[in-house]
């Protein structure tokens, strides 16, 4: 069946997301929530995440343009962003968020900026990868996502 | 009624939402657990919702704390547990936590990506029953039902413990229900009355009654006596034994006093916490001292509110309270007048307050914190709400012909309050009138509670506020004022219409009281029948249809309980039992909910087994779950039962004076709030 090769490919893609550290266990949690009633749940959540977090990213960017940095505010934004990112299992993005917050707490503006740049990169990379993954998933049809025994 | 049959029918008919009705509890629990999840992050919210649904819970989601609070207020018994994020734009999660604890006494679980020790500790101190670190896993959600059960269980236990007298008394006591003083004999001040009523109503329930212990009903008078004794001894030196001796009330046990003292202390603590800012208010109030006495009820309310807003120093409050206690006289004009309108409320509040007062006490503290956090903009609102509350209290207290003090007492603030309150109260009054009447009969206590100083009332009222009238009846006067005050503070910003922002600080107190009151109220309500309307009034005032509050259920319809009477009877009992427990445990720290929840949990979770009778459980659950609804329900129950809780003891006059003495304003506001089943919602603002 043509699905099989696609499914295989999908599985490989999925595995690499984990192996490369882009997503973590939380992603599996989302996958487990996916069922026949919500066959595209994960994709929906991720889409919602990117849409909502774009707003936070923008806020942070604007805050970083105002000098001196309002670290408290930056930290608050990042806390929000981190919470969101961690809920979809965005591992690298989350790690970078934590780092950014550390810099905020220590008042390291330079560190914040660097960290933020890195974060945006990871954020964009993940988006691309997940986008491709979901696209393939749709093409492959209902796929049995890896799920841990419940 | 047969529990089993009820259950069966309930489970069938009731949807997941009413699983607590008791039937389903044993069968499906924790499936159908009604969860309210609050998170401003849409991604998290979506995921949580899906997870909770996967756990077979019934989920309601909100992305704003305000929305969540209004949902909770609208449907007091509509939820079993709340999950809330810590960081939210419109309201701090901890503040929401306090509000919920005060007003609804539901278990609240906090969530945050922040796992810092301090934040987690904050959750603990504010009364969260758990703290989940984000990202939340479904496994963590699968067990949240334990908090519901635990709460109920604790409430039950408290109830049981506090009731020294027991079941035996219940039966005969039923007839005594009408008698306030005899309530003291019961030993369970919380819901004994209700229970009795319930018991009377449903013989079947007798079995369940064994679970409940007769509780002392802390009528306004009784509470006043208590507060007088405490003041005489000095709050630091006040020990139950000595208080008991001073009070010299036959039939009152040391345990009763002890648990009541605990609540009262919480209430005071809360008030003092709130009073940080209040310098202005205190001055004003203190100045009035003599008038204050009467004002105190109002002031109490104001105080609380002020305290919430940080305007009223704790000391002032205390002073006011003392004044209030001392004076049975007219309450300062304005507040009093307001009180009148609120009469109904006051009646209710006192009761509620009383029990809750203590709880509130604790919660107050929390609230205070919240208050501080309240943006300054809130303050005006709070004041306004305070006014309203005061008014309501005033009304309540004032039921009895205005003490005359109403006329301009010296307090300009009060005056303002009075005016505002009057307006509000009028609305309430019309409604309240009905209630008042009923409450008066039923809850003579209410009035007394009103009179109580805000502090005490706060506590008591809190309770009552939540439950609405029923509780007030029990608490001598506590409940009403405090809740009123408290509420405004909390809700000032939140509840525009609810006089006092029940939401705001008062919430805390009210909440606490609610828990306690619920039970009391239940039993009391039974007797009073009339009470029910009052609750409705509150509800109406507040929100929307009184029915929302559960009054609708009042017909013993508890939402889930179909058995109505029989259930109610049980509920009352259980509630009271639970309430007592809640109080006695003095955990109210804003954990009124725990009491309420516990009781509720008991029901819903089908603690029936534990309780020994499904009926009881159901009732409890119904009672508790509703928080407010329960209260209301209990009232309903009361209606049926002959023994009015407060019947003759506290006639309107008595109540009014009592209330006036105390802080009617406070109480009234509470009443308003509580009406909905003790939610602050009721308070029209």
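In case you wondered, yes, glycine gets a Cβ from its N, Cα and C as well.
Owing to the predicted nature of the structure, the values given are computational and were not obtained by experimental measurement.
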Region 'Disordered' according to TrEMBL, located in which of B:103-156, B:157-210, B:211-264: B:157-210
Which one of these stretches, B:346-378, B:379-411, B:412-444, B:445-477, shows up in TrEMBL as region 'Disordered'? B:445-477
My understanding is the cutoff is Cβ-Cβ under 8 Å with a sequence separation of 6 or more in the same chain; which residues meet that for residue B:85 (4-aspartylphosphate)? B:38, B:39, B:40, B:41, B:44, B:93, B:110, B:111, B:112
Should residue B:85 (4-aspartylphosphate) be counted as helix, strand, or coil on the basis of DSSP? strand
Looking only at the domain 'HTH myb-type' (B:212-269), mean pLDDT returns 78
